[in-house]
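To start, the structure itself, in structure tokens.
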Amino acid sequence: TWQVWTIYMVFATNLSEEQVLKQACPSCDATQLCSCSSMGLDFIPPGLTGKITMLNLAYNKIKHIRSQDLQQAVNLRILLLQSNKISSIDEDSFHSLGKLELLDLSNNSLAHLSPVWFGHLFSLQHLHLQGNSYRDLGESPPFSSLRNLSSLHLGNPWFSAIRQGNFEGIELLDKLWIDGSRLVQYEPESLKSIKKINHMIINLRNTKVFSAIVRDLLHSVTWLEVREIKLQIEKKSLVQNSTLPFRIRKLTFKDAWFTDRYVSRILVLLKEITSLQELESIDCVLEGKGAWNTEEIASSGQSFVETVSIINITIPNFHLFFDLEGLESQLKNLKRLTIVSSRVFMVPCNIAKHFSSLVYVDFHDNLLVNNRLNETICEGAWPSLQTLNLSQNSLKSLKQTTNSVSRLPTLINLDISQNKFGEIPDVCEWPKNLKYLNLSSTQIPKLTTCIPSTLEVLDVSANNLKEFGLQLPFLKELYLAKNQLKTLPGAAPVPNLVALSVRRNKLNSFSREEFEGMQVGAVHLSLMECHRSLVVSAICVLVFLVILILVAVGYKYHAVWYLRMTWAWLQAKRKPKRAPPKDICYDAFVSYSENDSDWVENTMVQELEQACPPFRLCLHKRDFVPGKWIVDNIIDSIEKSHKTLFVLSEHFVQSEWCKYELDFSHFRLFDENNDAAILVLLEPIQSEAIPKRFCKLRKIMNTKTYLEWPPGEEQQKIFWENLKGALKS
């Protein structure tokens, strides 16, 4: 009776947990994706199972994560817990989440970070911890076990200190984002332990901390983005005895504040970073009028920067801004220049002439007018320019605009869209090599021979065009969307056209002439063009038959299984030869034949696991993870064991799985450390009986001592002592 009652209670408990889960999160009932965000929950609902791969509990009221809350969710890949009220987490709350790839704990109330939380998250790639209340990262390295981490976001308005060792264990990051707006303490070399960072973003206001961080990142970061900084004068060098070569390629300032004095100083300091190729400013403020120390800048040598982007800069006194005379020598190596949404109304002619290497200029969304454009593109200015974007300015005359750009002999791409031209002349002067022209949204009512015949791409979308009849023999792409066309353009005037966009017009009928090109007699059609459906059907049938044959052959000869085996073997070979000591779970993984299981399980296991101190053995029957592919079980067990113990016998040699265990272990065990393998001969066996492909194992049997199971009790005592000694070594 009590047994029935126990079974009933277990069943009732499981049923009640499932009901609670279904009520709290209806989406969890029949899907792997469990979305429970914004539901007012103050607890993690019970009943979470191994079928769930994504759990979203964001924007709730959860305060505490208990050990048992996520214990059964062993297949979880994504766990979203941001914007709750979490202030405490049990140390082993995440221990069962070995497959977790993304963990978001941002915007909670965590006052400290514990390394124990992340100790078993071996697959974690993305970790978000920003917006909590911790002031530092603690005494112990919190991320040392996260070997697969790709992106890390941390910090908050109270985060004030970074110390040496905080990032120990992290070697490579794609993205590191630190909210350090109140960061005042930075121990030198704290970030040096990270060997490579593709993109680092840091919110920072302290100039001294900025300089120290830059020095530590010279050899590791590729793109450094600094936000919210109010830069002050810093006299120390940014490289300070650092050795070449540097890695940093791009430096971005966003929401930063500059003065004229600091602009002069930072331009000098950045020249020391010889690897720096791109400089970017986004949404920044310049308190000044361009009164820079041009003598100091010029005397400090040539800049290595090739790309400069200035987006939405605010200059309160922009109407008083100087013309940057004296900086001409710093411009000759610049190749790409972007100044967008910054109220630029002119570039002085004497400055424009010194951009000798510039091939790309983007001035869209500024205040350029035609008479200022005429001075900006004076004779001899921008001599190498190939691409020019003047869209969304205040240009009013297409005639004057074309006269100005005709002075650019190498220009290929021109964008003058979103200017209010209104009219188009019959004849225009253009650069002789112009191939791309964007005249969209310019309010032109028609197209005339002003359009150059050299074009390969023409965009005249969003105008008032009612027809298109231009002769453009080289045109490949034509964009006519959002016009007033009632008929399609003829094919004869654009014989090389491959792309045509006519959406959102007033097309209501098509004439035969609109589809006529060359005469049918002059067209040579392939079999595919004449009988497309027949050819496609034949190809599909052929492909289907080939797939069917491959599936049949693969099924007969177990091809899929062998492919999985090969893939697992290749993955195993790429792994480190030794697992970290913290990952070792067993004293030995025991490889044996099923026919020898009686001796292994009833004799050896009892002797070793009941010893003092006991040994931890890994047996496939007992310790392999249920439901996991057996090859993965073998590889994981070998990696998590200090030794591998082979119980050799005639049965062992004939066992296929024993061969696979040898296959996955021999390259790891015998390449550099012969002592990692222990050979026990349960019965006499010749080394020649071992498969020839395990030549290293055969060699060891011929050259090294191994343990033989003796028949006598006295000798067996010596055998056990020797085996225990080998396991301890």
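Quick reminder: no glycine exception, Cβ is built from N, Cα and C everywhere.
Feature annotations, reproduced from TrEMBL:
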DISULFID  Cys28-Cys34  disulfide bond
DISULFID  Cys349-Cys378  disulfide bond
DISULFID  Cys428-Cys450  disulfide bond
DOMAIN    584-727  domain 'TIR'
TRANSMEM  534-555  transmembrane segment
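Taking every protein chain shown into account, Cys28, Cys428 are the disulfide-bonded residues, and of these the Cβ with the most other Cβ atoms within 10 Å belongs to Cys28. Taking all protein chains in view, 18 other C-beta atoms sit within 10 angstroms of the C-beta of Cys450 (disulfide bond).
Long-range C-beta contacts of Cys34 (disulfide bond), restricted to its own chain and to partners at least six residues apart, with a cutoff below 8 Å, comprise Cys25, Ser27, Cys28, Leu48, Ile52, Met54, Leu55, Asn56. Cβ neighbour count for Cys349 (disulfide bond): 16 (other Cβ atoms within 10 Å of its Cβ, all protein chains included). Straight-line distance linking the Cα atoms of Cys349 (disulfide bond) and Cys450 (disulfide bond), rounded to a whole number, equals 27 Å. Over the domain 'TIR' (584-727), the average per-residue pLDDT in this prediction is 76.
Cβ neighbours of Cys378 (disulfide bond) (same chain, under 8 Å, six or more residues apart in sequence): Cys349, Ala352, Lys353, Arg407.
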